[in-house]
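> Take a look at this one; I'll ask things after.
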């Protein structure tokens, strides 16, 4: 599988990614998208989110600091995106930490037709009804049955399902990818998962309309691998989480698509 | 024209700049102001924005992630600033991207007496009724008739009008300045225009009360040139957008006012 | 007094710190907590703040960009924290700058049982009814009578009271600590006080339940000293406020608890 070609496509097409994200990562999600060559827009007003989502190439929804107002904005934007065939990425940050978060995530997944569902392994375990554990917004523990549960959910919902962690799992229900790139310093900066959620919008945003779900999954694998290879490069230049964070933007910006292919640690298993 | 003296004045007087800005740039707008020697305050509550704007030396309004609540705050603060003679800078981020943004920008410009109007060239084209194009919050295309339209608008509204891009245009209706400093990496970080909008508050905030509009224009030319010269210096130390961003704060902080005068690329044309 | 052991405890226990903070520092407060080894969560929805505060080890309240909605969230979270014995840190950012801020700070201190009250010296002077001065959110001037007033307030409210500045004052009403670590570059980045307020949550979050107030004060002394020693180290690697900011996260992450003890500038005086 060629992954670097997806990075090239992002840089060539500069897809507009509409983000409804949390207050912690607003700035860095935009910078991650710019660094990789995409065009970010953040818009929250109920008066405009539908129109903005309609002209975007992808809609990235992140419930990190959700409020009822933001949830309403996500629903309006989601409906507009569905109507126009704009793919939707959803990140149920901190699901399981409070009853409200679990309710909102469950409701949104029922009402909005999500193309990509991304969470860390602990959150995904909780969301799929397994015995995961979430402390605040940090994943503590994933469940052993997670890969199988993710496949079932992907098939039932026709979505790409992604659980990130030391090893990242991506499945479209038929094929599962295990991705081993990345670096522990990603866990030492806030919003490293949220930046990935934003980047998934960029890569999914260049998938030709009407492609099968497996193509969206492949774009997701390319997004995660690009991000994680950049993180590996950034860690080599970093003295700690502060310099790592800035080097991460540098390395995303300078990332060679051939290096993505050369460094990719991807293992594929059938369904 | 001496520009560096305006930077010296900002550092000497440390003007309080009240910002009502967007969620993407709240932190970096404050840091840009601190780096240049000004005193930033961010305040949004309807209960206090009037009082805060009244004690500020400038009010900087940026509609990047506007909501009806924020727009109301802008109106209250704007009215208080007008009453006290506090200059107002307005940045209609993303005007033209959605009908709501265009409506809000038009209404605010009708109702609030703006001293400085800053937008990128694409946004300014849309705002002045020309054939510009806006994608999300990124300018795509300016109109050839832009300089003339800006002059007319400046005269009609008694405001300094600024369109930024590879070459920045500043006009008070009588004189037009073309500014050629800057660096392409500014386009690779989010909020580079918004940071400038905040900095315009600092420089306009040290213009003596009762000065003619041409003096405010000169302070704006000094703000833009200082920012862009710092960006040129920062780019020399940067490996990409992450390290550029941090170097930009360093270079603003260390910027020599004589270097601003020595490096300034300013071309003046009569009206 | 051993201070480094508190840093070790934070890293060992990774306390969950629930922050209701301002829009300027949301990202950097979370990163400061992660850098020091704690687990940050930001949550604002009235629907969940009570539950989130209940499971946290500390609740850090910061009114930097307060709105009525955020103030309500602080009250709900504060009540839940009190019920569960979760210590509360309160930072009345900009108190005295507007009547609204002063009212909110006064009301919250009356209604919520705060364990740690932190402000800069100017704000603290205003809050305690002395002749301080506040410009926007910057402290201009503290009052000579401040140390005595702080002791009285600490005794009356059974809280640790902290006024930061070139020399930081910490008192539990019986003992007063004067802390001389730190670096002027802290004043050149926005939110340096707010990051400390977040970090106080991490250190107070590892104080064993039922400890006397003097133990909470000691944890606060350790938090401030750790932060300020990291700032001293960061300044040696910095070329200005941008690189200082990133080095500060690096140095917090790499901070040796023995270096905290070795570098600590702490002077203790009886009540």
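From the backbone N, Cα and C atoms, a Cβ is placed for every residue, glycine too.
Straight from TrEMBL, here's the annotation block:
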| type | residues | note |
| --- | --- | --- |
| BINDING | A:42, A:191 | substrate binding site |
| BINDING | A:118, A:164 | ATP binding site |
> 10 Å Cβ neighbour count around residue A:42 (substrate binding site)?
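That number is 25.
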> Taking just the CA atoms, what is the gap between residue A:42 (substrate binding site) and residue A:118 (ATP binding site) in Å?
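Spelling it out, the Cα of residue A:42 (substrate binding site) and the Cα of residue A:118 (ATP binding site) are 19 Å apart.
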> Write down the Cα-Cα distance for residue A:191 (substrate binding site) and residue A:118 (ATP binding site), rounded and given in Å.
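Computed Cα spacing between residue A:118 (ATP binding site) and residue A:191 (substrate binding site) is 13 Å.
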> Need the DSSP three-state call for residue A:118 (ATP binding site) to compare against my parser.
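The residue in question, residue A:118 (ATP binding site), is strand (DSSP, three-state).
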> Less than 8 Å, Cβ to Cβ, versus chain C; work out which of the binding-site residues A:42, A:118, A:164, A:191 satisfy that and list them by sequence.
A:191
> Tell me the Cα distance separating residue A:164 (ATP binding site) from residue A:191 (substrate binding site), rounded to the nearest angstrom.
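Between the alpha carbons of residue A:191 (substrate binding site) and residue A:164 (ATP binding site) there are 13 Å.
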> Need the DSSP three-state call for residue A:191 (substrate binding site) to compare against my parser.
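Assignment for residue A:191 (substrate binding site) reads coil.
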> So for residue A:118 (ATP binding site), how many other CB atoms are inside 10 Å of its CB?
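For residue A:118 (ATP binding site), the count of other Cβ atoms within 10 Å is 29.
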> Chain B sits near which of the binding-site residues A:118, A:164, A:191, counting only a Cβ gap under 8 Å?
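Filtering A:118, A:164, A:191 for a Cβ under 8 Å from chain B leaves none.
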> By a 10 A CB contact count over all chains shown, which of the binding-site residues listed here is most packed: A:164, A:191?
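Within the set of binding-site residues, the most crowded position is A:191.
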